[in-house]
Ligand code: S3P
């Protein structure tokens, strides 16, 4: 599973004994990206503890360095960032390599849209298939210009506008990446940039922008619509950030502990921001035993320790309105549904088709390959649960450069009769480099 290895790393996961122990998953990916970007725009030194050192976040760090920020990691794993000031990013001398990371790409496109520079973005085969029109459209209205590959995809070259024009933008898709791109562009834009968000998405950008001293307000209307207003030409003050553990990574040991009979696992220090905690609610509705202890606030984000005990699960038909609060957790939620009693119906998930892979198609194909009865819908899936009986198993599962597909089917392997083979575990390094040692420490594998 070495990131530099250019050979696929297949692996088979087999039926596990009861999982037990206390584990910590790595830092939150969304918060890690934002902490590097905003620190790089503050004047003075910011310190970040608990940064996710996965490939996606390292791509953001490399890009910020290429545009003038000084970013170092010390021997204790604390990151020190000396920023260049809002508006102070420098012209990158080579193309910015975003690897597999949609968040790096879309947020940085926003940041650069109000800088007087030209930048080229490139990425891997998965990222080069993902739609960028959702950000090029609003950013063009702010004055930036884009030369994209066909279908508004990477590789693309953009030219920022300085001064950019403030925008009043109603999000046409529930996407924190699009919201954040517009807000980051607004940082170096005179006047007020406003984003209207009919369905709440993760709010880490808003929290962190305020924490760095930006003048940002959020008004919530009667129907829940959020109006986020940012005063431009902001000055950001350096911060000390402690990154909580990523709930999207905690999702894998969480589901594993629920479905492997006899398990009891504690997952420490997990981010519990309500805009991210949808999976916990869903699993509890399915009958999962998940207790939150030591609930506290760290660095402006709610966190807690989760105690997860194996449970008999029942099927669900979740309201599509909750999708943004667990958008990255559906693949592993489908594994939980495959082990539940009854038929689960998931709808309203068209956004899953434009993630690191088409997660509706990739999951349906993989579930079928391991003996689960599944029907693929345009915007979701129907899954017939086993009622707690082991899944047949099989594979190899085609992960299609998608870390969450690899980890979801690894979890399925732990409750399989014949094992589940994953074609390539390397993508896991984008978000969860310690996934295999963590499973080992829970006794899930040798
Ligand atoms: C992210 C937002 C989500 C999520 C992604 C991270 C972010 O994407 O899927 O993994 O950090 O803003 P969308 O906002 O496009 O749904």
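Cβ atoms here come from the backbone N, Cα and C positions, even for glycine.
Annotated features in TrEMBL:
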ACT_SITE  328  active site, proton acceptor
BINDING   29, 30, 34, 175, 177, 328, 355  3-phosphoshikimate binding site
BINDING   29, 102, 130, 177, 359, 404  phosphoenolpyruvate binding site
DOMAIN    17-437  domain 'Enolpyruvate transferase'
Candidate nearest residue 34 (3-phosphoshikimate binding site) in space, where candidates are the recorded positions 102, 130, 328, 359, 404 and distance is Cα-Cα: 102
Entries of 30, 34, 175, 177, 328, 359 (recorded positions) sitting next to ligand 1, with Cβ under 6 Å as the cut-off: 30, 175, 177, 328
Inter-residue Cα distance where the pair is residue 404 (phosphoenolpyruvate binding site) and residue 29 (3-phosphoshikimate binding site), in Å: 13
Integer Å distance between the CA atoms belonging to residue 404 (phosphoenolpyruvate binding site) and residue 355 (3-phosphoshikimate binding site): 10
List of residues, in chain order, with Cβ under 8 A from that of residue 359 (phosphoenolpyruvate binding site) and at least 6 apart: 330, 331, 352, 353, 402, 404, 405
Segment confidence, the domain 'Enolpyruvate transferase' (17-437), expressed as mean pLDDT: 98
Binding residues 29, 30, 34, 175, 177, 328, 355 (3-phosphoshikimate) - maximum C-alpha distance in whole Å: 19
Cβ-Cβ neighbours of residue 404 (phosphoenolpyruvate binding site) (radius 10 Å): 28
Distance [Cα-Cα, Å, rounded] between residue 102 (phosphoenolpyruvate binding site) and residue 175 (3-phosphoshikimate binding site): 12
CB contacts for residue 328 (active site, proton acceptor) [other CB atoms within 10 A, all chains]: 23
Rounded Cα-Cα span from residue 30 (3-phosphoshikimate binding site) to residue 328 (active site, proton acceptor), Å: 11
